[in-house]
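Working notes, beginning with the structure itself.
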């Protein structure tokens, strides 16, 4: 038997646990666990993943490089990596009720925004046209956001983008105006997806509009993929050409993404009867690798496979049903307290609260909430001019539902947020006119007032009483 060639201290370095080899990093992680354990987490795009997913995520699967796809790698030693990726793909299709003759899926893409860019690059040439929901109206940066003076998303620099919007009176997508604009603009891609739109999308209508202008219909279901997998809201797969999703929001997996693409017949030539087949699989796979990425994160794919298995259980359906109930509890309680909700409510996992009638903005309310251990986010609402000081807050149910909270608990959460709104208004009203900017407000609440401390201590104890998988 050969002797270990390096020093014993080197061996201890490679085999020692984090708490022994890097206590500084270990302490920061412990502090973050404590924050999660004792906070009310309402970020709509966050969730608490499961112990089994953590188990898969922290494995030597991360050691392996595997550029390419199963059966066609650029490195050796990938037999088990291939098995894992194929299993993950199989479970992804099963989770959404799909069959491999009609759908394929790429599970290598690293996150949601890159997944969308990879899709666009696969099916569009530079400067071809795309339409997506405007960011202040509930869309996402990766759907091509730009302002009057500046291209914000890289998507808007590579492609020509035109937003569609909601009706300012109803807060609902204006499909009639979308259709008129699409007919004039003739986009190559129509994106149906949101980050702060609380109502269901009419995928059938979107399909009809896409067909009318000869566009691909790309659905970004990042926020709602868990709800779709559980069958508690309608699925886009009947109508979409391509579907993208992150894996860590309502799906409750590791941080990652997937791209689903159609296989088979796309259309039939009405004159010749000739079938026109989809040509999406190879362009999308090539766009992911080698187009935009190198080797995939195999530990993430393993953890995603585990999350997808969990998504195909009765317990996951029970969870998603409770998410919807808790979101409805938020809707009813905010309405009861006199708050205006964008679109007057929700059909999904979150509510978007307008604060304009309260004479306060989302940035200030977010600041106070953070002081009392509530994590939510300021959010643009239709008609806003600034994304930094927007007129609303976005509040999601998935994370705290994972920890076991029910409708009465979410009603209690509304009372805490109502306290934060009133406290923010009180502080803002006391600021002098020449020093009432957001930075002045933050300075004013930076101290430890007795009122804030009492509420924070109450929330710390209450939130900490619910289980958290770590």
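Glycine is no exception: its Cβ is also placed from the backbone N, Cα and C atoms.
Residues annotated as region 'Disordered' in Swiss-Prot: 1-23. According to Swiss-Prot, the feature compositional bias 'Polar residues' maps to 1-11. The N-acetylserine feature in Swiss-Prot is assigned to 2. Annotation source Swiss-Prot lists compositional bias 'Basic and acidic residues' at 12-23. What Swiss-Prot records for 249 is N6-(pyridoxal phosphate)lysine.
Using a 10 Å radius centred on the Cβ of residue 2 (N-acetylserine) and all shown protein chains, the other Cβ atoms total 4.
Residues within less than 8 Å, Cβ to Cβ, of the residue listed as 'N6-(pyridoxal phosphate)lysine' and separated from it by at least 6 positions along the same chain comprise 44, 45, 46, 47, 222, 223, 225, 226, 398.
The DSSP secondary structure for residue 2 (N-acetylserine) is coil. Residues of the compositional bias 'Basic and acidic residues' (12-23) grouped by DSSP class, helix first, strand second and coil last, total 9 helix, 0 strand, 3 coil.
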